[in-house]
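Since the structure comes first, as structure tokens, the remarks are kept for the end.
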Amino acid sequence: MKLLIKNASELVTCSSFKAKKGDEMKELSIIEDGAVVVEDGYIKRVGKTEDILKDININEYEVIDASNKAVLPGFIDSHTHFVFGGYRADEYYLRLKGATYMEIMEKGGGIINSVEATKKASKEELFNLGLKRLDSMLSFGVTTVEGKSGYGLDFDTEVKQLEVYKSLNKSHPIDIVTTYLGAHSVPKEYKGKNMEYIEYIINEVLPYIKEKNLAEFVDVFCEKNVFSVDESRKLLIAAKMMGFKLKIHADEIVSLGGAELAAEVGAVSADHLLQCSDRGIEMMVKKGVIATLLPATAFSLKEKFARARQMIDRGLAVALASDFNPGSCFTENLSLVIALATLYMNMTLEEAINAVTINAAAAIGKEKEIGSIDVGKKADIIILEHPSYKFIPYHIGVSIVEKVIKNGKLVYDKERDGRYAYREKC
Ligand SMILES: N=CN[C@@H](CCC(=O)O)C(=O)O
Ligand SMILES: [Zn+2]
């Protein structure tokens, strides 16, 4: 299994084995006329095409000529909720007419709607939906995705969701990192008894998930009228003691202190952060918490965007993700996320590219294995149909990914698998 990608007009390596913080996010480490040598699924050499061709016997390699194309690390979507039943197009329609996300939730809609539909869906239905969604992500250049539970709340449905993620991980080229988000909403049977529900999770659910290795991360929706800072703290500390890594849905709608809590408990990432305080940013910088920003959610909710510029200028490592979910943001399109981040959060394009590659890898604890084109990392690589990464936000709203290589294998080719397959007149 030997592959050579050669003559890339831009080989955008994003080179690093750790999250890029502050000014480090400006650097993409681009090699012009670059080449990558892949063996047994891993990157063996990276450099100028002419240097690499001097040292190898090209006849031993499957060769992809990337002339006039940019080559980048596979994108990593580090915050999604992509296994769920049902849709919430009616709620979106209400939002178009002026209703807010929280108003819909307070009237009994929102997450609870998806919980009902996910409870009804069979494992097989969820699996088939998951496969289709992964196919779509792959076409946008995603090679690793984080997926959360949280549309079950009760034991059986949460476990069902996590088991579906596990089966999908075995069946699809995209790698899936799973997160248990039982504290996504308070289930009807625990209405007004939030702390009891948190204790139930700690005592009944987490030990089982740990034993069966169903999730690497534990997350909580820390938000006004959902879970308070104290309730979230209790859950996260208990989860940490059981060996889970932590994430928090923090300061999305109200500035509640979620960012501060993420720093206090040593979370890997705090996500959303639309309303994050200055103190929260400072504390996250000190503790090395990644800020995972989700601009397509702010866009879909018509909320103001997170303060990415200030966060980066103060030294934070920022990751960008889709937040793919049935309610607040129904998109798997990371190119759109990059476009929004550069248009509305004043991130530079270089920062945005690092944010969906190396920093996104760090947000799921995988920065030593994926997220850059470096020797020793997994060969997760995308080839664009254009000569420069500058085309990503420019060709707005669509995917310009031509080929995806996962673990050294070509798993998506637009000519072969994509829209061009249907180009015949009929
Ligand atoms: N904010 C909380 N959770 C999801 C939305 C879930 C939903 O509305 O279904 C999010 O990250 O945006
Ligand atoms: Zn989320």
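Just so you know, glycine gets a Cβ as well, placed from its N, Cα and C.
Unlike curated entries, TrEMBL annotations are predicted automatically.
Features reported for this protein in TrEMBL:
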BINDING   HIS79, HIS81, HIS249, ASP323  Fe(3+) binding site
BINDING   HIS79, HIS81, HIS249, ASP323  Zn(2+) binding site
BINDING   ARG88, TYR151, HIS184, GLU252, SER328  4-imidazolone-5-propanoate binding site
BINDING   TYR151, ASN325, GLY327  N-formimidoyl-L-glutamate binding site
DOMAIN    71-411  domain 'Amidohydrolase-related'
Just to be sure I understand the contacts, which binding-site residues have a Cβ under 6 angstroms from any atom of ligand 1? Candidates are HIS79, ARG88, HIS249, ASP323.
HIS249, ASP323
Using only C-alpha positions, which one of HIS81, ARG88, TYR151 is spatially nearest GLY327 (N-formimidoyl-L-glutamate binding site)? These are the binding-site residues in the record.
ARG88
At 10 angstroms around each C-beta, which of the binding-site residues HIS79, HIS81 has the fewest other C-beta atoms nearby?
HIS81
Are there binding-site residues among ARG88, TYR151, ASN325, SER328 that sit within 10 Å of HIS249 (Fe(3+) binding site), Cα to Cα? If so, list them; otherwise say none.
none
Around the Zn(2+) site recorded as HIS79, HIS81, HIS249, ASP323, what other same-chain residues have a C-beta within 8 angstroms of the site's C-beta center?
THR80, LYS148, ASP271, HIS272, LEU294, THR297, ALA321, PHE324, ASN325, CYS329
Near ligand 2, which of the binding-site residues show up if the criterion is a Cβ under 6 Å from one of its atoms? Options: TYR151, GLU252, ASP323, GLY327.
ASP323
Measuring Cα to Cα, how many Å separate SER328 (4-imidazolone-5-propanoate binding site) from HIS79 (Fe(3+) binding site)?
13
By CA-CA distance, flag whichever of HIS79, HIS81, ASP323, ASN325 among the binding-site residues is nearest to ARG88 (4-imidazolone-5-propanoate binding site).
ASN325
Using C-alpha atoms only, work out the spacing between GLU252 (4-imidazolone-5-propanoate binding site) and HIS81 (Fe(3+) binding site) and round it to an integer in Å.
16
Would you mind ranking the binding-site residues ARG88, HIS184 by how many other Cβ atoms sit within 10 Å of each Cβ and giving me the lowest?
ARG88
In the same chain, which residues outside the set TYR151, ASN325, GLY327 have their CB within 8 A of the centroid of the CB atoms that define the N-formimidoyl-L-glutamate site?
HIS81, PHE84, ARG88, ILE111, SER114, GLY150, PRO326, SER328
